[in-house]
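Student: Please read through the structure below; I'll follow up with questions.
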Amino acid sequence: MTHLPFIAASYGLFVLLALWLSISATLRLRTAKRRLRALDAALAAPGVRP
Amino acid sequence: MTPAPSPHPTSPVPRPSAFARLTSGLHRLANPGRFTRLAAQLQPWLTVPGVLLTLAGLVWGLVYAPADWQQGDAVRIMYVHVPAAWLASAGYAALAACSLVSLVWRHPLADLAAAEIGPVGAAVTALCLATGSLWGRPMWGAWWVWDARLTSVLVLLFLYLGHFSLVRAFDDPRRGYRAAAVLALAGAVDLPIIKFSVQWWNTLHQPDSITLTGAPTMALSMLWPLLVTALGMSLGFAAIVLGRLRASVMEQRLRSLLLSRAGAGRRVAARTAGLQADTLDGRGEMVAP
Amino acid sequence: MTRKSRRLWLVGACALGLGSATTLALAAFRQDIVFFMAPSQLLAAEPAAGRTIRLGGMVVAGSLHEEHAPDGTPIARFAVTDGQKAITVRYAGILPDLFREGQSVVALGSLAADRSFRASEVLAKHDETYMPKDVADALRRSGKWDPRFGPPPSAASWNNMTAAARPATDRPVAADAPGAPAGRS
């Protein structure tokens with residue numbers, strides 16, 4: 001394959017970027033869900049009225 | 001000002017226009033609960049085909065598509081570079097559309113969507129510039145030239161970065177959203193400049209191989225993997241933006257719940273949930289505890 | 001008029017103003033945004049000797065002469081044309097991979113007193129055509145296109161050919177049959 005370093009660098013950049021974007025989005029979504037669930041549970045707990 | 005006469009004077013109850021129905025549909029999405037439910041249902045339909053088509057297209061382009069007669073295998077950089085370039089412009093068009101909806105209809109979801117499209121679009125634009133550089137060095141003989149196409153795409157990256165920082169520049173997030181929306185709409189003038197730069201001026205960058213009006217000047221054996229990759233990456237882009245937007249809507253609900261609790265002076269429940277109202281910084285943004 | 005439609009009109013008016021301002025600005029700087037000048041433009045403009053400019057055009061077939069300086073540096077001489085005028089370019093250095101006769105190039109340098117161009121940098125400009133090597137070979141064999149004399153014919157004329165050309169390259173006997181490699185619908 002000609003120009004292999006340039007091709008590998010391009011595809012590598014894409015893979016890194018795609019992984020970074022999707023992992024960060026997944027983690028952020030998971031954290032937000034967990035916090036929201038915890039807060040909802042705390043608000044619904046007996047003795048605490050919103 | 002007096003209300004405009006109804007366009008259908010014969011019908012006693014004028015039907016709402018398509019435009020009014022569209023905007024009322026948009027306003028129903030402003031209900032965060034409804035949005036969260038719909039978006040969660042939509043997410044796998046974007047993520048799964050996005051990942052599969054991108055992988056299929058990239059492997060097709062990298063392994064099975066033929067080498068170009070004069071560029072050799074370096075042409076395979078195209079399967080990353082061209083979809084990234086299309087997405088950079090399409091993402092900005094979406095950003096500008098959200099900004100318009102935000103400025104005119106003050107739709108709360110449009111602000112959040114614009115703020116989430118921005119960083120993803122900036123990343124894709126940076127990828128387009130970087131892969132273009134990696135392609136230009138072996139083919140043209142230069143990493144970078146200041147021709148109209150390259151310069152206008154660099155301006156697009158700066159617009160994305162400017163939007164990103166304006167959203168975060170104010171203590172009151174609404175002022176940040178407003179200022180960023182104005183910038184995004186004004187910057188949309190760059191989109192036709194990017195598109196037509198290769199026709200209006202002499203550039204080192206080639207003219208478009210694929211246009212809406214003419215036949216593509218590319219062998220079908222290279223065109224198909226390119227289109228598959230572009231479709232896959234577009235779905236992937238939408239999936240990432242949707243995921244971030246869902247998180248953003250939840251974070252906003254968290255903030256408002258915590259703020260209302262803090263306003264009521266009851267921090268007990270929040271504390272038991274491992275959260276405190278004072279983990280919010282000046283502009284109501286969540287600070288990692 | 002509701003506040004919403006007033007805001008819509010306001011945004012529309014701003015967009016119109018900004019759009020026309022940009023159009024006017026781009027039209028005014030049209031000449032300055034150009035990355036390179038074609039030989040006929042360059043000769044018509046008569047730039048001062050020694051002023052750095054970019055010259056763009058196609059390398060004339062048969063015009064490339066390469067030699068080596070005493071220190072081993074390759075020196076290339078070739079003519080660049082836009083179909084109307086041609087300018088001879090002299091360049092000392094290594095030419096890019098894509099450089100060939102019939103290719104578009106952009107040379108950075110200045111016009112000498114004898115109206116030849118002294119380049120300090122030569123970039124290759126590839127066109128918007130993408131085709132596999134076997135298609136290019138088949139086109140050349142069929143005599144429909146010589147890369148030294150300009151861009152290839154439109155893709156519609158050779159896209160159907162790919163299927164016909166591929167078995168021909170696999171089986172050399174068939175390639176010699178008249179018309180077989182160039183099977184064009």
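Keep in mind that glycine also has a Cβ here, set from the backbone N, Cα and C atoms.
In TrEMBL, annotation is done automatically, which means it is predicted and not curated.
Taken from TrEMBL, the feature signal peptide covers C:1-27. Residues or ranges marked as topological domain 'Cytoplasmic' in TrEMBL: C:1-7. According to TrEMBL, the feature topological domain 'Extracellular' maps to C:29-185. Taken from TrEMBL, the feature heme binding site applies to C:His126, C:Tyr130. Feature annotation from TrEMBL assigns region 'Disordered' to C:142-185. Residues or ranges marked as compositional bias 'Low complexity' in TrEMBL: C:170-185.
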Student: Far apart in sequence but close in space: which same-chain residues, 6 or more away, have a Cβ under 8 Å from C:His126 (heme binding site)?
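Tutor: The answer is C:Leu98, C:Gln103, C:Ser104.
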Student: How many other Cβ atoms are found within 10 Å of the Cβ atom of C:Tyr130 (heme binding site), counting all protein chains shown?
Tutor: 27
Student: Restricting to the same chain and to residues at least six past its boundaries, which positions have a Cβ under 8 Å from a Cβ of the signal peptide (C:1-27)?
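Tutor: Result: 33.
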Student: Under a three-state reduction of DSSP output, how is C:His126 (heme binding site) classified: helix, strand, or coil?
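Tutor: C:His126 (heme binding site) sits in coil per DSSP, no helix or strand.
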Student: With helix taken as DSSP H, G or I, strand as E or B and everything else coil, how many residues of the topological domain 'Cytoplasmic' (C:1-7) land in each class?
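Tutor: For that range the per-state counts are 5 helix, 0 strand, 2 coil.
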